[in-house]
Number of protein chains: 2
Amino acid sequence: MSDVLPVLRVLGMLVMLFALAMGVPLAVSLHQQDGVWQVYPIAMAVALVSGSALTFGLRRYQRELLPRHGVMLVSLAWSLLPLVASLPLTLACGLAGRPISFTHAYFEAVSGLTTTGATIFTGLDALPVSVNVWRTLLQWIGGMGILVLAVAVLPMLGVGGSQLFKAEAAGPVRDTKLTPRMTGTAKGLWGVYGTFSLACVLAYWLAGMEPLDALMHMFSTVSLGGMSSHDASFGHFRSPLLEWIAVGFMLLASCNFALYFIAMRKGHVREFMSDPEMRATLGTLVGVGLFIGLLLWIKGVYAPVEALRQGLFHTISVASTTGYASSDYLGWPVFAPVMMLMLSGVATSAGSTGGGIKMVRMLILFKQAQRELTRLVHPNAVQPVRLGGRVVGSPMIFSVLAFMLVYAATLILLSMVLMLTDLDPVTAFSAVMASLHCMGPGLGAVGPTSTYAVLTDFQVWVCTLAMVLGRLEILSFLALLTPAFWRR
Amino acid sequence: MSDVLPVLRVLGMLVMLFALAMGVPLAVSLHQQDGVWQVYPIAMAVALVSGSALTFGLRRYQRELLPRHGVMLVSLAWSLLPLVASLPLTLACGLAGRPISFTHAYFEAVSGLTTTGATIFTGLDALPVSVNVWRTLLQWIGGMGILVLAVAVLPMLGVGGSQLFKAEAAGPVRDTKLTPRMTGTAKGLWGVYGTFSLACVLAYWLAGMEPLDALMHMFSTVSLGGMSSHDASFGHFRSPLLEWIAVGFMLLASCNFALYFIAMRKGHVREFMSDPEMRATLGTLVGVGLFIGLLLWIKGVYAPVEALRQGLFHTISVASTTGYASSDYLGWPVFAPVMMLMLSGVATSAGSTGGGIKMVRMLILFKQAQRELTRLVHPNAVQPVRLGGRVVGSPMIFSVLAFMLVYAATLILLSMVLMLTDLDPVTAFSAVMASLHCMGPGLGAVGPTSTYAVLTDFQVWVCTLAMVLGRLEILSFLALLTPAFWRR
Ligand SMILES: [K+]
Ligand SMILES: [K+]
């Protein structure tokens, strides 16, 4: 049990960092005079006091963290930080005369931090603007991972970051291509992220968005979060140009950021272009987008050019786990929304800001299945699984397969729990899937023109759990439940 | 290409065996004077002529079959024998003034032979009784596997049966516990099957069914097929006693027949009782049945005793892949029908007459996932996967995992194809699932009170393919598509 104390100490530092982040909505609130500025100093004070109490009260537990600690920290962080993040939401909405429940505030904070981007608020356009800035900023913070941030900053504070970085799940092939020095790597990733963010906000602004809208939609785009400051989401702007810009940045953010980092740092452009996962991610997103565009044209839903844009924008938005919508795609032929939702589970790369199973796992599984088919007929054929020229060892294949299994079990279990509360199968499965993939809008009652507010509080908590499990790629969290974890 | 000739020769023999089986409906038709007896001599003649033409025309290709041949024979048999089986259906329905299309006749034959038991006919009670006998008999033949039959009989005709037995998929741990002599084994399995059949028909008859109804429902029960001679399925009888008898025989038929064989032959009763797969199958069926009974009681659908019976009967019927219904369970709380349908994919044992993934694969996967969770925290722990005291080797685990993957891919792919034809997601997914598990009724438009006749011809063919893929456990069929299969 004393294990938890050094972990709580680090958690205290993260809480203090959150207090700093609240400076952004505070500044916006003061500048825009949206009438809720008082909320932010209060929330900041609470965060600073509780954070520093943990950090300084437990300073004698400062030590190098073990793998066990890493898993514990990630789980605690993703469970408790939303509490801190939800504080300004609760206070500001109350002050603005639109009180929200604890369940809803916590859901919204988790939805932001996990970059799910599902919303439980209605009347977004009428909210104090600083609330929308805070909602969308949470995605931007969560996009690169709170723990990557910690790795970049905390070593200065005397905490060994390597264990954190390992525990923060970022797909099965993490570490392999990065520099040995974790701190440098984390800073490099944030550098890439910052560059994309700057480019994105400028592009949105130049293409016609108001500056604050550009900022908030940049937060949602590069993090693949998908929250908007408007109820109509991207449909508010009625601008094909803005949609194409979003498509470009969503594609960028769907690939492994370490690849960009290495390409920029070492100039390995050819290695970058030949990365099998990146090619598969981009090929899938654009290929299926074109197919759905074609379908919309053939079925007569839109004229040809419009069909192509609608198909590409929505497929890439949903499948990259962003979840922007500019029209109600649930009215399309049923194949399209289901295909897009399922694709959100597999399309994005490991090390991107996207959610889901990650493309590299699908590639490994595909090659493994191919090998099994061959072995069925030629039982003695020896043929290792290869990916991008490298041999993928058996332990890696096993762990990918186990991941798939736990993923499927989680999906089915949580959906069945929702159905036990008499939710219809389409809404239940799609809500869990959209939450688990950190995507956002589902089908049925939680479609792109609806919100999760149609669910009961219990159902909302199930979806909240699904978002956290999805962001942690499930296994890290489940490890906590095994007896082996608690054994010395 | 010359590879196919020895295979076609064996196929000819199977076609001739089918001609003999038509003697059963012929006898019933003559005895009951249902007015379509002329149909059977015609169909028998066609089968005998084409079968003997293949067998004797290709007699110089008589040779020991290779693994490649086994896969080919199974695939050809499951594609072409339904043609023979559908002939009496087409002729008899035509003669009775109720013509059916080729698509529907083929679907019904595949549904019978794969023991899916889904029907595309309406007005079953008004059909010539010999047609119902033939429909249900097909399940009984298919139940133990046309190819097990072939193994038992064909060696007398000079065909090596061991390859066939291997290619006929019967779960991942086949061969291990059986006698070395395949012929003896196959005969032993038929002995068990015959004993259960006799007991079942007697029990149904003594409990009040008409003799022919008892025969037909025995065919459907021990094969876990689930076809009925009545539109109202088991609801026709309004007899709790008959439902409890059905429950007993469905539970028996859901376990590995080789276990019964070994228990009877060697008296290994303790080994029999401690088989982990059997315990898991029975525990799952009864446990979930009780849970659903409880749910029906708590939600106020039925009075306590009625809730228990309804829950157990329908859960065991659907999850054992039989698919009998005595009431419209789609009206129950949504959790129940979805749970029952999903359970049909995993509950039955390998070597039973049931369909789906098979319980032993789930056990292996569960243990493998458990091991992975441990390894996440203790990376150096060496811990083999064990099942029933035996170590399960890596190749077996790999092939189970690959199977799961191909199963999931098939399920998703075929459902997406159905959705491309604008079928709603619930009907599409459940129809493919119910077909792939060789279960029968789905949800939505293909529920227990409906038939597959609501689907278009194209959709019916997709479900037909799913039934064959399910029965072949997919992999054997997919092997045909790999280049390695065709290489020498
Ligand atoms: K998202
Ligand atoms: K069945």
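Cβ atoms are placed via backbone N, Cα and C, with glycine included.
Predicted automatically and left uncurated, TrEMBL annotations should be read as such.
Check TrEMBL against the ranges B:188-207, B:428-447 and you find transmembrane segment recorded for B:188-207. Among the ranges B:11-31, B:137-157, the one that TrEMBL lists as transmembrane segment is B:137-157. Within 10 Å of the C-beta of B:THR322 (K(+) binding site) we count 35 further C-beta atoms, all protein chains included. By the count of Cβ pairs under 8 Å, the stretch nearest in packing to the transmembrane segment (B:282-302) among B:39-58, B:70-97, B:188-207, B:241-262, B:396-420 is B:241-262.
The number of other Cβ atoms within 10 Å of the Cβ belonging to B:THR115 (K(+) binding site), over all protein chains shown, comes to 35.
Cβ neighbours within 10 Å of B:MET439 (K(+) binding site), excluding its own Cβ and spanning all shown chains: 35. In sequence order, B:GLY117, B:GLN139, B:SER223, B:GLY226, B:SER320, B:GLY323, B:THR353, B:GLY354, B:GLY355, B:HIS437, B:CYS438, B:GLY440 are the residues of the same chain, not among B:THR115, B:THR116, B:LEU224, B:GLY225, B:THR321, B:THR322, B:MET439, whose CB sits within 8 A of the CB centroid for the K(+) site. With a 10 A radius on its CB, B:GLY225 (K(+) binding site) counts 36 other CB atoms from all the protein chains. Neighbour counts were taken as the number of other C-beta atoms within 10 angstroms of each residue's C-beta; across the binding-site residues B:THR116, B:THR321, the minimum falls on B:THR321. B:LEU224 (K(+) binding site) has a Cβ environment of 30 other Cβ atoms inside 10 Å.
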